Amino acid sequence: MTAVHPSTPPTPAPEADAPPPVTYDHLARTPGRRWWVGPAALLSIVVAGLLFVLVVGMTTGLAAAIAGVPLDVDGLPADPAWSAGFGLLIIAATLPAVLLVVRFVERRRPGTLSSVTGRLRGRWLAVCLVPALAVSAVTGLVGELVAPTQGAFVGWSSFVGVAVVALAVTPLQVAAEEYLFRGWIVQTFGAVVRSPWPGVAVSAVLFALVHEGATASVWGFADLVVFAVVLSVLTLRTGGLEAALALHLVHNTVAWVAAAASGGTDAIADYTDVGAGVFAVSMLGTVLYATSVLILSRRRGVETSRPMAVTGAAEPRAVA
């Protein structure tokens, strides 16, 4: 009689390892991306940016001429409100250039510059505005003790014009800088290198250099570089530009409104006279804000990466 042995169940095949999640700095690593895409995108941003700046300059100049606004020796609007609007719009003109190049040259969704979800997370941006405003109030009070504001109130007629322009246009100017420096530059480096730090370093230095007087003061240059690095770190740790946009927006808006009140808008972006005291106050605010945002991010479960499909294409994931 032959013994019957129970059959051994087949060993299940090991499951394939899930692809690693895609972090913010690697969102430009799209399938089929070639080595020349980065240089081509850079050239396209420069050309498109210059064209948009030219259009904005001509449009603003024509509008000023129709309105009878006097011009200064450089041919720019001499009226403080018009001058503020012109300066902010020139910077803001680079935003459509960046978004269009990402869409048509890099062949990816412009929303991937906003966050790992493929869109700007409005609720998270609103949350970040709260600590940004609180920190701005604290540093404003401390800053007055360190370096009191010079100049008397210019009067309501002059103040209101500049303040309204600043409130309306500063969001566009801030968005242009964030999408270029913390967004496109960091992601362009991330498309070819694994570490985010080369992109963070290059974007921080370039961000500092585009500000007037940055190289004339060690403290001014350090202030801008550290500010830029912290914003990049927050972008990486929170998976999007919202935290950087919130602080940058509040910082610039408060600076413009304060300058409008004292008539000092001509030197608002001049870092020539930044000293150690101003640098210390600025760093205090930046550190307080970064700490607050990171705590809020963890508590709210803000998404910092997104899954990658088997083909290598990053797929967006919804956030509650």
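Cβ coordinates are placed from backbone N, Cα and C, and glycine is handled just like the others.
Going by TrEMBL, these are the annotated features:
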REGION    1-24  region 'Disordered'
COMPBIAS  7-22  compositional bias 'Pro residues'
TRANSMEM  36-69  transmembrane segment
TRANSMEM  81-104  transmembrane segment
TRANSMEM  124-147  transmembrane segment
TRANSMEM  153-172  transmembrane segment
DOMAIN    163-254  domain 'CAAX prenyl protease 2/Lysostaphin resistance protein A-like'
TRANSMEM  184-210  transmembrane segment
TRANSMEM  216-236  transmembrane segment
TRANSMEM  243-262  transmembrane segment
TRANSMEM  274-296  transmembrane segment
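Within the same chain, the transmembrane segment (184-210) packs against the transmembrane segment (36-69): three or more Cβ pairs sit under 8 Å, each pair at least 6 residues apart. The stretches the transmembrane segment (274-296) and the transmembrane segment (216-236) meet in space: the count of Cβ pairs below 8 angstroms, excluding pairs fewer than 6 apart in sequence, reaches at least three. Contact between the transmembrane segment (153-172) and the transmembrane segment (36-69) is not supported, since fewer than 3 Cβ pairs fall under 8 Å when only residues 6 or more apart in sequence are counted. For the transmembrane segment (81-104), the partner stretch with the most Cβ pairs below 8 Å, chosen from 36-69, 216-236, 243-262, is 36-69. Under 8 Å from some Cβ of the transmembrane segment (124-147) lie the Cβ atoms of residues 238, 240, 242-243, 245-247, 249-251, 254, 258, 275, 277-278, 280-282, 284-285, 288-289, 292-293, 296, 300, 302, all in the same chain and six or more residues away from its ends. Helix, strand and coil content of the domain 'CAAX prenyl protease 2/Lysostaphin resistance protein A-like' (163-254), in residues and according to DSSP, is 78 helix, 1 strand, 13 coil.
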